[in-house]
Amino acid sequence: MKIAISSDHGGNNLRKEIMSLLDDLDISYEDFGPQSSDSVDYPDYAKPVADGVASGKFDRGILICGTGIGMSIAANKVKGIRCALVHDVFSAKATRCHNDSNVLAMGERVIGPGLACEIVKAWLNTDFEGGRHTRRIDKISELEG
Ligand code: RB5
C-alpha cells in the first residue's frame, strides 16, 4: 500500500506524528508537505494528495489541517475521491466498511496524536464490505457526473 500525505500549517505537527507511525508500520508514503511552518492555503496541499489517489498513483491519502474540515471539503471536489473526516475509531472503521473512503482527513486542533494514530491504524486495516454498499458508492459516482 502506498500513501500520499499532506497538511497545512495547522496540521504540520500531527502530519509528522502520522509519518512516524507509517515508518514504524513499514508503510510506504510520499510527503507532500509543507516543509515549513509558514501559513499556507490547505486546498494547495489537498490537491496533490487527492489527484494522486484519484489517478491511482497512490492507494490512499491522509490530509491534516487544524480541523480537518477544509482539507476534506477540498479533497471531495476531486472526482473519485471519497474523503472522510474522522475523529474516532468507530467512524474510521465504518467509513472503510461502508463508504470505501480513499482519503482520511483529521484535525490537529481537534484530537491528540495518540487517538489520531489509532484512527490511522484502524482506517488502514479495515476492508470495504462491498455488497449493498457498492450500489451506494456507485450512486455517489453518478453525482459526480
Ligand atoms: C488554518 O488556520 C485553518 O483554517 C485550517 O487549518 C483548517 O482548520 C481549515 O479548515
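Note that Cβ sites are derived from N, Cα and C of the backbone, with glycine treated the same way.
Record features (TrEMBL):
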type: ACT_SITE; residues: Cys65; note: active site, proton acceptor
type: ACT_SITE; residues: His98; note: active site, proton donor
type: BINDING; residues: Asp8, His9, Gly66, Thr67, Gly68, Ile69, Gly70, Asn99, Arg109, Arg132, Arg136; note: D-ribulose 5-phosphate binding site
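Known features from TrEMBL, placed on the structure.
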| residue | record | CB count, 10 Å |
| --- | --- | --- |
| Asp8 | D-ribulose 5-phosphate binding site | 24 |
| Cys65 | active site, proton acceptor | 29 |
| Gly66 | D-ribulose 5-phosphate binding site | 18 |
| Gly68 | D-ribulose 5-phosphate binding site | 29 |
| Gly70 | D-ribulose 5-phosphate binding site | 22 |
| His98 | active site, proton donor | 15 |
| Arg109 | D-ribulose 5-phosphate binding site | 11 |
| Arg136 | D-ribulose 5-phosphate binding site | 13 |
Contacting binding-site residues for ligand 1, chosen from Gly68, Gly70, Arg136 when the Cβ sits under 6 angstroms of any of its atoms: Gly70
The residue listed as 'active site, proton donor' and Gly68 (D-ribulose 5-phosphate binding site), Cα-Cα, nearest whole angstrom: 20
Spatial separation of His98 (active site, proton donor) from Gly66 (D-ribulose 5-phosphate binding site) - C-alpha basis, Å: 26
